[in-house]
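If you check Swiss-Prot, you get these features:
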- 119, 120, 121, 122, 123, 124, 125: ATP binding site (BINDING)
């Protein structure tokens with residue numbers, strides 16, 4: 001970590017705690033700042049705030065009082081989940097207080113090379129793939145950012161020989177100014193988080209901030225399956241490295257079920273350790289980054305062949321009596337489930353689907369579920385999912401929860417079949433989040449394996 005004096009003896013307000021806010025507050029204190037933390041959660045229910053107070057950091061909890069900004073703050077560090085139309089943020093900007101993101105703070109003190117990964121889908125898997133390939137190739141890739149390791153925490157233990165492999169959300173990229181990765185990846189761009197950004201155009205603009213400070217000596221890896229990426233490529237100073245599953249490009253591409261990089265045959269599609277067309281795209285993006293980082297083809301091939309996936313993202317759990325189990329609880333929308341199903345022979349798949357009812361029908365899913373061996377349906381949206389199953393001519397059964405669904409799927413499964421949890425729905429009707437839902441699937445699998 002670099003020693004900088006930017007924040008020394010400067011009053012800094014950290015707005016919003018969670019893990020990134022806590023990490024930012026501790027880093028700022030280490031840099032000599034006079035830190036105040038403001039979090040909406042009441043102090044007596046806020047162990048993080050209590051811990052920071054014990055360390056001498058001022059905390060204001062339970063509300064976001066605008067008068068707090070009457071103090072002469074030199075900077076605000078904003079939690080990424082807090083929108084820019086938040087009254088505290090608006091007042092800070094009106095007072096011309098610079099509003100920084102936590103990843104920008106980390107960047108300012110980093111002496112490590114930075115690889116930044118963003119996009120609508122596939123960020124976590126691609127970030128993990130890249131880190132694993134770098135580490136297998138003898139480099140030290142440190143996971144950071146939206147993947148669960150706050151950048152401002154990771155950066156404190158990193159040095160100039162390390163590479164930060166940073167997953168970045170659109171929330172984190174909004175408002176970055178100096179942030180400059182040496183290699184950036186945009187996996188894909190889909191209409192999402194529009195409630196936060198207001199429009200698809202504003203969402204794309206936030207993602208595109210990743211390349212604002214890049215030059216021709218930096219590399220931007222883009223998905224040329226998408227026309228929008230091809231158009232955006234014309235507007236950056238960075239050197240473009242495209243990847244595509246549909247055409248031969250001057251980067252990473254698929255030809256005759258083989259993955260190539262600029263004419264070099266790297267590996268077979270069938271050897272990628274995780275199934276699904278989306279994971280072919282993730283592997284291509286990883287190959288592009290790995291080649292730019294000087295990793296050998298053998299290391300790339302071995303790492304991607306042995307890659308077991310990321311928890312809750314088409315995660316291969318193993319087999320019970322020849323029946324394979326895949327946990328794709330992160331599939332909270334139709335598109336994600338479509339991509340998951342693309343990696344399997346439908347005639348051998350028992351799909352567990354359903355969850356929070358957002359009022360949408362599932363007709364888009366009909367071509368993808370046609371031919372499934374069976375479906376097990378659960379949650380608020382069960383009636384809508386069942387209508388799609390009926391139209392697709394797929395048999396189905398009802399389940400009370402994920403545990404019940406696994407047992408019902410197991411009853412109809414035979415050796416060689418696949419039990420796939422890919423709900424196409426959010427989890428909040430029955431579970432706190434998709435992780436809890438996925439953990440119940442894993443626990444039930446472990447119980448079956450132990451019988």
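Along the chain as shown, residues are numbered 1 onward.
Quick reminder: no glycine exception, Cβ is built from N, Cα and C everywhere.
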Per DSSP (helix/strand/coil reduction), residue 124 (ATP binding site) sits in helix
Within 8 Å of the Cβ centroid of 119, 120, 121, 122, 123, 124, 125, the other same-chain residues by Cβ around the recorded ATP site are 117, 126, 187, 188, 282
Should one count Cβ atoms within 10 Å of each candidate's Cβ, the binding-site residues 119, 122 would be headed by 119
